[in-house]
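Enquirer: Input: one structure, supplied below.
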Amino acid sequence: MFCRTAFTGDFVVIVKLLLPACLLAVVGCSDLHQLRSDNPLLPIREYEQMIVGRLDADYVGDENCLGKCHSHQPIHDDFRRSVHGEQIASDTGLPLVNCESCHGPGSLAVKDVGSNKEDKCKFDTLLQLEQLPAPAQSLICLKCHSASSTPVLTYWNAGTHANNDVSCFDCHALHLGPQQKVSRKEMDAMCFKCHPEVRAEFAQFSHHPVPEHKMACIDCHEPHGSAQDHLLRGLTRKDTCTRCHMEYQGPFVFEHADLNENCGNCHASHGSPNRPLLKSSQPFLCMQCHSGHLGEHVPSLEENNPAMKGAFYSRCTDCHSSIHGTDVPSSRGRGTFIAR
């Protein structure tokens, strides 16, 4: 009965609209294996198996890893000064992280290490972290950095970094003392290694003060994963911007229509040749949506004064100063012109 009556009335319109999308989805799924053929994604259980370590080894604790192997002393000293090292200090009572948390059980590594300094640890019996694929490397950190930890990595696996084979180890040096946590001053240089196009954007005339170290990439972006595109902080683009620009948060009685929720419609994120970070200069930016005053009766323009006309058409914000929204109605248009 359904087959005989489904393609009647308005339903056929819905089918015509959805059919191209369904076909694209089928084609996209069929090409997925080819797109990832050079570096295929594996089920999470396979990555988990990679970080289990040797099944014939036992956990022996830090006192054996750091006490029996002399070559570990520099690593030991640096690690103690790091964020993770602070957690295993004896005076904290919080032995949350130790060597074997990341490297796996170490009994086989230190089995033959004695008083003879020539006896070395058997590193090949430990997890070879640098040889693991990026998802497995990050999974080591995700074992601890769950929803109840800091930083929260809830969105990591769905984020841009994870989907481009970036692991925690690419940004964090795990044994380098306080440098384990990336500082705000060195953050831009680290990010520019993978994002050189953003460095060029910050070199433009109008830019956020990231090169001057008055801001950092992390002020707008959440590198560990976000529900937004481009790893932006907040729930919407406007939430990201109004973290600093609170005066434009609103709500306003008279708002700038469709631009209210996305500051990126008019402003560039990193840098622009136009102040203040406008994607295009005035009045051309405004005229992408507004026709200006063509055809309107404006007495001051009918005096055939070139200087007056030039001033009138050069900067819309000379009159329309409340372009982000206002609660004060204008004398003409009752606020709809968001003017002074």
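These residue numbers are counts, starting from 1, taken along the chain as shown.
Glycine is no exception: its Cβ is also placed from the backbone N, Cα and C atoms.
Relevant sequence annotations retrieved from TrEMBL are reproduced here:
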{"type": "DOMAIN", "residues": "166-199", "note": "domain 'Doubled CXXCH motif'"}
{"type": "DOMAIN", "residues": "207-248", "note": "domain 'Doubled CXXCH motif'"}
{"type": "DOMAIN", "residues": "256-291", "note": "domain 'Doubled CXXCH motif'"}
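Situate these features within the shown structure.
Expert: Per-residue pLDDT, averaged over the domain 'Doubled CXXCH motif' (166-199), rounds to 86.
Helix, strand and coil counts from DSSP across the domain 'Doubled CXXCH motif' (207-248) read 14 helix, 3 strand, 25 coil.
Taking Cβ pairs closer than 8 Å, the domain 'Doubled CXXCH motif' (256-291) reaches residues 198, 201-208, 210, 220, 230, 236-238, 241, 248, 250, 313-317, 323-325, 338 in its own chain, all 6 or more past its ends.
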Enquirer: Tell me the residue counts in helix, strand and coil for the domain 'Doubled CXXCH motif' (256-291), as DSSP assigns them.
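Expert: Residue counts in helix, strand and coil order: 9 helix, 5 strand, 22 coil.
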